[in-house]
Amino acid sequence: MGKDDVIESGAGGGEFAAKDYTDPPPAPLIDAAELGSWSLYRAVIAEFIATLLFLYITVATVIGYKHQTDASASGADAACGGVGVLGIAWAFGGMIFVLVYCTAGISGGHINPAVTFGLFLARKVSLVRALLYIVAQCLGAICGVGLVKAFQSAYFDRYGGGANSLASGYSRGTGLGAEIIGTFVLVYTVFSATDPKRNARDSHVPVLAPLPIGFAVFMVHLATIPVTGTGINPARSLGAAVIYNKDKPWDDHWIFWVGPLVGAAIAAFYHQYILRAGAIKALGSFRSNA
């Protein structure tokens with residue numbers, strides 16, 4: 001039996017083909033009625049709080065690691081101190097896993113303007129919802145990093161405020177490429193983990209969806225921390241840059257917006273028009289109307 005064939009057993013032991021799967025309708029580009037819905041504002045608040053918590057935990061982890069490995073502060077034990085790059089990657093991936101699990105049923109658990117942008121391009125969310133989500137995510141990120149500075153004021157500026165910047169020895173093109181590829185991996189994983197066709201077939205998939213998303217964030221951090229400090233989330237990069245507010249994070253800040261947005265757009269196109277055969281369906285519809 002092909003994997004696209006679904007067979008059910010009848011009461012008399014016979015078999016018959018199940019109904020064909022139907023994709024949900026695309027979200028409207030502009031849904032004015034949505035502005036009067038409490039569910040929209042509840043989702044926006046959830047995105048704000050989730051992004052605030054994400055930035056607070058992760059940036060605090062980065063600052064703590066740099067302090068623990070600072071030879072001038074920790075002495076001879078500095079080389080063996082701290083959680084290491086592996087621990088930082090786990091902090092980012094683990095928090096995404098937790099927060100997506102907590103907020104998926106309310107807002108979809110985006111916590112990232114690049115994810116929201118990719119889902120908007122795929123017509124999964126309306127323009128109104130996408131814009132409000134992105135604003136909430138950016139404000140939440142700024143507030144989250146602000147809390148880190150308030151609680152760790154002695155170390156925040158000294159250790160770079162957890163801000164993203166291009167590492168020495170790497171060109172802007174390399175940094176941009178790292179952000180594009182890293183965000184592609186993340187957004188592609190989001191599309192695959194939340195694919196309604198897969199969810200319709202396997203009832204356990206919605207419960208497990210946060211796991212591959214968090215793991216994708218973890219793996220991307222391992223690969224790109226040495227290059228850009230790993231952005232793949234424009235709100236994360238903006239929040240740290242605004243609160244730290246030094247020249248270095250702002251010099252190449254455009255990389256942490258252009259890279260993730262391009263990566264998200266490529267992932268949306270790949271999933272919708274290649275894997276889900278959107279281009280073939282559109283071509284077939286065009287031919288049938290010709």
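Cβ coordinates are placed from backbone N, Cα and C, and glycine is handled just like the others.
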In Swiss-Prot, which of the ranges 1-20, 161-180 has the region 'Disordered' annotation?
-> 1-20
Are there three or more C-beta pairs under 8 angstroms joining the transmembrane segment (131-151) and the transmembrane segment (43-63), sequence spacing 6 or more?
-> yes
Most CB pairs under 8 Å with the transmembrane segment (205-225): which of 80-100, 131-151, 173-193, 255-275?
-> 80-100
